[in-house]
């Protein structure tokens with residue numbers, strides 16, 4: 001990939017363009033014996049965004065007519081494939097002379113150090129050494145090459161030979177041996193030689209896999225009212241509330257303020273549910289029996305698949321449900337349904353298909369489609385990503401007395417998650433795997449994370465640990481040019497308690513292909529989320545709570561796959577802790593706001609210099625321009641738009657040619673002090689000693705006090721505007737309305753050109769005609785009353 005080390009250490013944190021050799025080559029020297037890349041005459045490869053890697057594949061299908069052991073009279077066969085120092089073994093079968101394995105072994109061509117491949121068939125012995133049944137030997141020079149889209153190589157029966165290979169013995173094995181690339185269908189399920197040390201359950205976690213996020217729904221439960229609620233205390237009517245639970249999500253209605261046996265709420269409770277629906281909605285009607293004591297009056301359990309699914313905001317029919325009486329023992333459980341008189345509850349419930357269930361921040365959203373597939377539009381583009389290599393990774397864990405890293409990469413876009421295979425014991429792993437996503441909106445973000453596999457077993461720690469974070473990359477699709485192949489090296493930056501640290505570089509190749517430019521242009525005028533989010537929006541607290549629940553559900557469901565995508569990986573990819581307080585983030589956001597106003601500030605400084613006649617020529621030119629616009633006011637708007645057009649054309653030359661990456665300066669990660677970092681990495685609730693918490697609390701009060709003052713000042717200015725006509729200060733309001741009357745008369749009788757010209761000349765007057773004292777309008781405004789004096 002060869003990119004030179006940057007001379008400036010700060011450049012080490014920036015993304016750089018690389019020039020890898022992408023695409024497929026013909027196995028024996030280019031197109032038709034030539035020495036270069038494949039010709040354009042050939043169909044475009046689906047693996048054109050990765051560097052080609054060659055593997056020797058050995059498919060072991062089955063065996064027949066194997067000789068039984070003369071002592072036991074049975075055969076427990078398995079196959080061992082040996083290539084130099086690498087050995088791969090199939091599972092063994094008990095007492096089976098015609099076993100079927102259907103297993104593929106892959107050996108990287110770069111690591112092959114032998115000219116022959118040996119396939120041994122052995123009989124598993126429990127006590128002594130495994131018995132030798134026979135072998136088949138292949139010459140590496142005679143192995144055929146398969147180039148997809150060719151059909152898979154047909155396996156053949158081979159007679160077994162003795163140890164010396166001089167004579168044939170009893171038994172045959174069906175094999176296929178060929179040379180292929182990572183584009184081969186057998187690649188993902190193959191046993192790889194570089195993972196030979198992994199055994200047991202860890203074997204599954206080293207293979208590349210594709211995962212799909214569960215289909216999420218919002219469940220809306222409108223609890224309207226209940227009837228005939230009885231409490232233990234018969235002397236007075238009950239004070240009632242309803243508790244609803246779906247899985248681990250628990251919500252309560254407000255306590256009905258009036259004591260009655262027929263309480264009324266009409267309150268919406270919102271949950272997140274995932275298909276297939278495994279949880280149930282459990283409702284309990286509870287009566288307030290004391291300050292900290294509640295008693296259950298009835299219970300209702302409803303399967304989620306019984307609820308109506310709606311795609312818009314049409315009305316849903318409400319239903320009455322009879323509650324089960326609560327408090328019977330196990331032996332009397334059947335009597336609950338025998339009661340003719342029971343408490344009833346009135347519900348209006350549905351599964352919302354018109355919303356997009358947010359499981360990630362809208363800042364980094366990768367999918368905005370509604371839940372119901374009927375509402376999906378056609379894709380507008382294709383995103384292809386080649387995950388090439390990582391360079392200079394930091395050792396993450398001890399292994400055999402030294403430190404190493406077993407790295408894999410996860411990419412998440414839309415509902416599709418991909419996970420590359422784990423490259424063991426390497427600080428410069430080469431994956432060269434390519435994946436494709438359909439794009440429904442270009443204003444979305446793909447997230448890629450690199451992790452160290454902690455579930456392999458065989459480490460110094462006996463128990464498997466968590467998968468450690470190495471770094472993350474985000475790419476916003478709207479910043480990409482269409483049909484251009486980007487080959488980038490992204491630094492993996494992680495903020496640690498010691499400060500920002502570079503964990504290595506991730507090298508990617510990606511391309512965004514536009515399917516319909518008209519549809520993309522059409523999307524830019526439409527809202528990012530489905531229309532239900534705007535017609536019937538959720539509150540801020542509901543959005544935060546529902547997103548947290550959706551993240552948990554996604555993490556649990558992906559953790560149940562085989563191999564699992566572990567919770568710590570899913571949470572890191574979804575930025576589960578992005579809402580936590582951080583002094584560093586607060587500073588960064590403050591300076592982001594300041595930078596937004598930098599243009600306005602520089603413009604005001606320039607106007608101030610014009611008014612002070614620091615450059616007389618510029619001031620005179622401004623006077624002339626203003627006089628022209630006053631004489632021809634119809635030129636004002638066209639001139640403004642022409643000016644913006646020319647600025648846009650001028651800025652085209654300095655546009656960014658690469659998608660943006662993590663900015664340590666923007667994140668305020670370089671200037672942050674150690675105590676603030678320690679606070680950011682503290683647990684919630686805090687685990688720090690009392691003195692540290694006290695100091696941080698005092699500091700937070702100080703910062704929050706300054707923020708409070710600024711917000712109060714902004715509110716004061718707004719209230720002074722309101723006070724102009726609210727008669728809170730009768731004399732000030734009298735003066736202002738008299739001024740408005742005089743101004744209206746003057747503006748009616750005087751042409752607007754004259755008014756604008758006089759105002760501009762007064763504003764641009766020479767400094768010798770200026771006073772250092774505030775102007776009368778400013779003095780008048782500052783004297784207006786605000787509501788601050790009414791605050792306690």
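Counting begins at 1 with the first residue displayed.
Backbone N, Cα and C define each Cβ position, glycine as well.
Of the listed segments 1-28, 29-56, TrEMBL assigns region 'Disordered' to 1-28. Listed ranges 455-487, 554-586, 620-652; the one TrEMBL annotates as transmembrane segment is 620-652. Within the chain carrying the transmembrane segment (620-652), a Cβ under 8 angstroms from the stretch's Cβ atoms is held by residues 610, 752-753, 756-757, 760-761, 764, all 6 or more beyond its ends.
Across the domain 'C2' (359-490), the DSSP tally of helix, strand and coil residues reads 9 helix, 62 strand, 61 coil. For the domain 'C2' (359-490), the model's pLDDT averages out at 88. Residue counts for the domain 'C2' (200-321) under DSSP, split into helix (H, G, I), strand (E, B) and coil, are 10 helix, 68 strand, 44 coil. As a summary of secondary structure, the domain 'C2' (37-158) carries 6 helix, 53 strand, 63 coil according to DSSP.
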